[in-house]
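To start, the structure itself, in structure tokens.
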Ligand SMILES: Nc1ncnc2c1ncn2[C@@H]1O[C@H](COP(=O)(O)OP(=O)(O)OP(=O)(O)O)[C@@H](O)[C@H]1O
């Protein structure tokens, strides 16, 4: 609720106007029965045509007021809900941008989509319905009972009793039925997760002939949802008929007691229709409010789910900027005490002292100092005591068997995760003391999974540099050996499907390399970015990269020896530990793990392509 109030706050003026407009609607609606009663009781009884005409015109005015109020009220409440919904959606999305990989895993992609789209739609609808259907109820009850009392006090008491009984029944129903709606939201989440997995993995499902198995899995999820939805519909059906039953009982009660009062000359005939109309109006609104109130726990669950995302403290944060310690020229923040203390928990004193000292060698762009890392959900360290430096103008390569921790090194450099021991320095500063923006600005990264965004090739290249000229784009494409783009009918404006699925694996890799080259960086990271290229293209691309990355450090993660043969230093990773470091020749002499990889690839005919 706090979240809703926070996001409603900027629109409190609009909210107040909306409620006032709806009150005009209610006032207009409630006036009509009294005017009608007067018309019958006085105008018709005394055959006073002028009185009838006057009341008729007044009824017309009241109806116009009510209709205008309803129309404007609907528009304003929809506007309010849309604004609040947009702001909450933006807040959820903005928060998710700061998430680390582990933060994302906590929710899962499917749930993040449900939270951002479906949940916020539910919140929006609830805002509209609450304003239009729930808020008028107390006003209507008070006005209706007051007007009925002004006509005949006994009828007022009768109406008050009927309303009280119906309100109690409505409250009990809502309290008992609310959990079903909360469960319904969880089922939607689950459907989203399973459906997403099925749609993205459809080729694998077909290739393994697992359609039937997946059908059963989906059927199970859909059936659970359907079961809950049927329960909800039963509930609504029950509510509907009990509400109409109660309305009919109320009608009978009003006619019975009203008839007696008219018979006793205590009330006039026209007043019965007015009281009857008040009873029907109030009961109808209570019925509608009851239906809306049933959905409110679901909206509350959606709000809580949005709140969880918005208020999650990300695993990776920028340091709180100390007032006395401004950003330096590179946009770095001084390493704050908390971060140093944090590092001290997991690394010994010598390492922390070492890490706190800036690297004295100006050529060093990135330095790993006794780095250890463990994923938050893992039982063991993924990386142990890594010590190496990436120097400007040099290529550092990392090779190792699958799962040895190569990509994790890249992720730590980009601060997708923070080290759990030791420190990583970038341009002499501990990365935990830098803002993520300034750090990532200085790194060009080609991820292992080449992902392209829907749009055009030019749009994707501009992701690396918004102001890129066509000449710059062509240059990057040439370096990345992506001349195939020029053969496409639309060239740079060729359409890219989501994820880049309308290009081959090798083409996607080359385009994502070109995207990374669009920006000038201090460190270029290529995470297994040449794996889908043939040896000739791989060699040509690496040759073309040399002048591009001359003033920067380059980190190449690879499985193929041929890709890293000429690196200035090669780090061999085995189970997260450095099994060796040196040039190809040195490692062939000294590192058994490297020799084994090299020999296995040479035998397989892999090792000689350059
Ligand atoms: N988010 C995660 N949570 C827990 N463990 C993870 C996570 N991501 C990776 N790991 C584990 O960390 C280890 C290293 O993974 P990493 O992706 O760095 O390996 P890699 O050497 O790049 O492998 P490959 O060559 O197959 O890409 C693996 O054992 C993997 O299971």
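The backbone N, Cα and C atoms fix where each Cβ goes, and this holds for glycine too.
No curator has checked TrEMBL annotations; they are predicted automatically.
What you see is a predicted model, and the numbers here were worked out from it, not measured in a lab.
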Listed range which TrEMBL flags as transmembrane segment, given the options 259-277, 278-296, 297-315, 316-334: 278-296
TrEMBL lists transmembrane segment for one of the ranges 184-208, 209-233, 234-258; which is that range? 234-258
Local confidence of the domain 'ABC transporter' (368-600) - pLDDT mean: 90
